[in-house]
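Trainee: Let me give you the structure first, and then I'll get to my questions.
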Amino acid sequence: MDVNPTLLFLKVPAQNAISTTFPYTGDPPYSHGTGTGYTMDTVNRTHQYSEKGKWTTNTETGAPQLNPIDGPLPEDNEPSGYAQTDCVLEAMAFLEESHPGIFENSCLETMEVVQQTRVDKLTQGRQTYDWTLNRNQPAATALANTIEVFRSNGLTANESGRLIDFLKDVMESMDKEGMEITTHFQRKRRVRDNMTKKMVTQRTIGKKKQRLNKRSYLIRALTLNTMTKDAERGKLKRRAIATPGMQIRGFVYFVETLARSICEKLEQSGLPVGGNEKKAKLANVVRKMMTNSQDTELSFTITGDNTKWNENQNPRMFLAMITYITRNQPEWFRNVLSIAPIMFSNKMARLGKGYMFESKSMKLRTQIPAEMLANIDLKYFNESTRKRIEKIRPLLIDGTASLSPGMMMGMFNMLSTVLGVSILNLGQKRYTRTTYWWDGLQSSDDFALIVNAPNHEGIQAGVDRFYRTCKLVGINMSKKKSYINRTGTFEFTSFFYRYGFVANFSMELPSFGVSGINESADMSIGVTVIKNNMINNDLGPATAQMALQLFIKDYRYTYRCHRGDTQIQTRRSFELKKLWEQTRSKAGLLVSDGGPNLYNIRNLHIPEVCLKWELMDEDYQGRLCNPLNPFVSHKEIESVNNAVVMPAHGPAKSMEYDAVATTHSWIPKRNRSILNTSQRGILEDEQMYQKCCNLFEKFFPSSSYRRPVGISSMVEAMVSRARIDARIDFESGRIKKEEFAEIMKICSTIEEFRRQK
């Protein structure tokens, strides 16, 4: 049917229609090819913003480094990274003066975290640069490889399982004269297959030892691998993001813990909270400014945008901040926290896979690895690439580029927010000593600035002063991209404020639809998304009902499970029709078995199996919820599962949904082809970890499982737990004397094995 789109907006206030202009429907753009070009751009831009700084050479790695700190004061509006140490320290001091005890308390909280955090904290997160293999790996594998190499090089503090002890090993590894690592490689040989008598290629995975000297090891330890950021909407150009290795991660985690603790205590900070909590926090700041600007004052709000936030931040500045924040704390704590910014001042950016290179005349495609860019003849490249390579050449060492200034995306979100808030905090009248004053909101690089003054000149003066103050700490407010409005209408982190936050529903659009996990989870996630949007995002009843019908339709097409009495023919219809005819109570069939949909907006909170349980035929119940059903490999059953949903911006969110395990909760098997690649050893390691962890959890059900304190290993903990449980079971008569004796014997055997090993 034809709809004139303007009709949709006749009754809608303009600010509510804003969300229709967002680029959120359809698939987001993904990048292809290597990120080498984007990374070079980042490195070159970062150096350009700091070009008037001082050049030095790192004595350990020989890397040239640019230090813009306390560089020339800006004379124009170009973005620059010349932060002034004394200005940053003054902002910190005033932040503390206006929030007495904030740094002290946050340090105490962080110290407690530092002493308790286990090394497995580092297994969270997705792809991580694995310095032993010089490429990306899942975080858990990268950590395991690092620990394995550390131990074989005599670094054993990590065996306590505490993150802080692992970090002691990292520090020690940097003082060693060299490190021996194990790398994986593939051997191919042609052999004759006994069965078919044909020649086949046989691949075997070899491990070989390799020695890295001190310089090579340090370069790897300080390396951030780079990739292209995928799925960014509303942009034409892609950009590079970084993933640090295990040596850096632990230190960054502690710094961010401290900064997070500070952000929680600052009313202007948009981190670390999110969603409705964030909206409430921000609405408070706006309310304060509007209430205080009585009839005599004007109040304006800038929807702010900063130019290249990360590339103008500087790790040396963060070091100054940390030194100030922790100034009355014990020496060991100050040292642990200062290592992350020091490592970042000496970081190296890995240029990724290299350049794809095609020659039209010779019909040739080849990839030039990043390592070769330092000395390849530039006549093969086009003009723009040539410029890029020429600029970056002086910085190259072993295929990585020395990148001292700048921060790389997403590394110190919390700490950079603290810096931003400290400038917003300088807007109080008792500090500015003028008729104007300001306040605002900060969330990583996004900000909103609210300026109050008796007249327009005052507003202009306030904005100018804010702009200049920012420049002094390496923050560059973009005059082109920021815009000013009467307070009451602004945008901050894609929340639109119009006398209260209006729901920006289009941001949730990508999470509607069928997820593709399995029939059971998809149904549950689909209705939960609709339910959550009715609660949080002004999804009205009529629209929700329509969304539900569209979802069911989508679901049936995805899994080819149209109702048993439909005319639609698919490859499943024969079986589903048969089931439909055999079933007495047809309303009891799940939608995925060709049943009718019983969901409406009043019962979205009930899992489908529960909704239909009373309506099901008895034999259908027996087949559906049968743990012995051979066609289903069951996970351990939890009542709540976590799905990853993709909102339109920000990282993928985890969303809880009710999980009722049925024969529809299947788990697809791993693709076999990985088993023939060099990844195979890694896969086996992963499975071994999985088995150990599962076994451990069997001994310590989550209710009683507190992280082990002290140095007992997993095995010791399990053995002692088994003994205690056996004794309790024996004394209460749950097990016989013989069984008790057998358990004790097994425990002793295990301990004996450990001693021999």
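Placement of Cβ uses the backbone N, Cα and C atoms for every residue, glycine included.
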Trainee: In Swiss-Prot, which of 249-256, 417-424, 689-696, 713-720 is labelled region 'Promoter-binding site'?
Mentor: 249-256
Trainee: Same chain only, please: residues at least 6 beyond the ends of the region 'Promoter-binding site' (249-256) with a C-beta under 8 Å from a C-beta of the stretch. Say none if there are none.
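Mentor: Contacts of the region 'Promoter-binding site' (249-256) (Cβ under 8 Å, skipping residues fewer than 6 from its ends): 110, 113-114, 117, 119, 121-122, 125, 128, 163, 166-167, 170, 318, 322, 336-337, 339-341, 343, 411-415.
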Trainee: How do the residues of the region 'Promoter-binding site' (249-256) split into helix, strand and coil according to DSSP?
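Mentor: Summed over the region 'Promoter-binding site' (249-256), the classes give 8 helix, 0 strand, 0 coil.
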Trainee: Average the pLDDT scores across the motif 'Nuclear localization signal' (203-216) and report the rounded value.
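Mentor: Mean model confidence (pLDDT) across the motif 'Nuclear localization signal' (203-216) is 89.
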Trainee: Let's see if you can do this one: DSSP helix, strand and coil counts over the region 'Disordered' (50-82), in that order.
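Mentor: For the region 'Disordered' (50-82), the helix, strand and coil counts are 0 helix, 8 strand, 25 coil.
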